[in-house]
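What TrEMBL records for this protein:
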type: TRANSMEM; residues: 6-36; note: transmembrane segment
type: TRANSMEM; residues: 57-77; note: transmembrane segment
type: TRANSMEM; residues: 89-110; note: transmembrane segment
type: TRANSMEM; residues: 122-140; note: transmembrane segment
type: TRANSMEM; residues: 146-166; note: transmembrane segment
type: TRANSMEM; residues: 310-330; note: transmembrane segment
type: TRANSMEM; residues: 350-370; note: transmembrane segment
Amino acid sequence: MAVYTIIAVAIAANVFFPIPFMTITMTLPFLALVGGSFRLFVGSQTVHEILKQRERLAHFTLYLAAQTLMSVTYPAYQVLFQAAADAGYELTVVALLPIVKLVMRNIIALSLSRMDDMMPEAVVFSVDFFNAFYIITSMQNASSSATVAIIMVADLIHTVVAWKSLRRRASSIIRESRAGGVDLKLPDILDVASFLLRTHKSESKSFAHVQIRSCMTHQLSLENRILLDDLTKATKHHQFPTIRSLEHVGRGSDNPWWSCVWRRTNVVQVQPIIVKTNEQLRPEAKDESQRLDGALKVLFTAECLVLSEYLETFVPVLYTIYIMVMVHLPSAKYHTELSGVTVDTIGSKIQGILAYGLLELLSFVALVALMRRGCGVRSLHHLAFVLETHMPHIQDKLLAWALLTLGSRVVHFGVDFSFKFDWV
């Protein structure tokens with residue numbers, strides 16, 4: 001935005017340069033300009049209509065606040081890690097990273113509680129991106145190879161535990177489905193969910209807890225559109241599921257990170273319903289309802305897992321390419337992450353990162369294969385679906401977060417967690 005750039009240049013030229021924590025302190029002027037421009041183009045009537053949607057505005061504000069908090073928390077963590085590395089306590093600080101990751105996931109998931117279909121993509125390509133990025137940075141600045149090895153082993157154990165938990169739940173659902181008459185040539189959780197929906201779509205009580213419509217638009221075949229219409233008529237109304245507490249949920253938990261949802265073809269008005277309890281359902285319907293709920297949870301969790309592993313696979317490669325290019329540029333001296341790094345020493349700096357990237361690639365390939373064989377989940381289809389349908393959102397996030405995380409390490413952006421600001 002030209003006006004925003006002019007304001008920032010004017011402050012830097014006439015007040016102080018660098019502007020302390022520029023990416024944070026200049027956020028309010030940026031939002032004011034965006035809000036004013038939006039008001040100018042859409043008109044006051046549209047703005048008043050938007051202001052009436054208080055709950056959505058509250059979630060939107062929380063989402064923006066979470067993004068801002070994340071852009072401050074992770075750079076602060078990096079400063080803490082560097083100080084701990086100098087003092088020999090880096091392993092203690094490394095142990096804090098999963099806690100930071102979990103807290104940020106909770107906050108962002110809460111802000112998207114009415115847009116469940118967007119949660120995996122929104123959380124993974126924001127929180128997990130920052131987490132993967134700062135894991136790599138921690139490995140780059142680690143004072144010993146033991147720290148790097150511990151980070152790699154911890155990540156591998158996390159993936160194994162997650163897969164075992166998913167396999168246990170998926171195997172139970174497939175076994176119960178076959179016993180209930182579902183004809184499965186190959187174990188496939190999606191086939192289980194599809195079978196239950198298609199064969200029992202007239203029994204609204206069985207699926208009253210399932211959200212039929214999605215918060216996004218998808219291209220569906222005529223057959224699937226008819227199925228959704230039939231399910232809509234059977235259940236009459238829909239409700240958005242509430243967000244479950246994530247305080248004890250991780251990749252190895254028996255519950256998904258977020259509530260499970262189903263896809264839809266277009267946006268509809270969502271109204272609450274009175275959900276029937278299991279006591280009100282016939283015994284067969286109880287089993288079908290529980291089996292469908294379990295299948296959707298497995299599919300949802302699998303989508304989150306494969307997205308996270310995919311992200312952790314390519315982030316090390318991108319960062320390695322970035323620092324190998326930057327070290328040859330004259331501006332490298334202004335990048336704090338390249339302090340003391342030269343063309344001659346860059347090889348030793350990226351060895352650990354490349355090893356971590358290779359481990360993540362092997363982990364991703366193994367996870368995809370094991371999820372297909374042991375869990376009946378075609379995770380590559382999940383990945384392709386998200387990358388295709390959410391591509392604009394993913395591109396926006398990756399571009400914004402890459403610029404923010406890398407830009408915050410340039411001295412011109414005024415990041416100084418000692419708060420001395422010697423240049424002011």
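Using the three backbone atoms N, Cα and C, a Cβ is placed for every residue, glycine included.
Predicted automatically and left uncurated, TrEMBL annotations should be read as such.
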Contact ranking winner - 57-77, 310-330, 350-370 against the transmembrane segment (146-166), Cβ under 8 Å: 350-370
Other parts of the chain folded back onto the transmembrane segment (350-370), taken as Cβ under 8 Å at six or more residues beyond its ends: 135-136, 139-140, 142, 145, 148, 151-152, 155-156, 159, 163, 167, 305-306, 309-310, 312-313, 316-317, 319-320, 323-324, 379-380
Positions on the same chain near the transmembrane segment (310-330), where near means CB under 8 A and six or more residues out: 124-125, 128-129, 132-133, 136, 155, 337-338, 341-343, 346, 349-350, 353-354, 356-357, 360-361, 363-364, 383, 402, 406
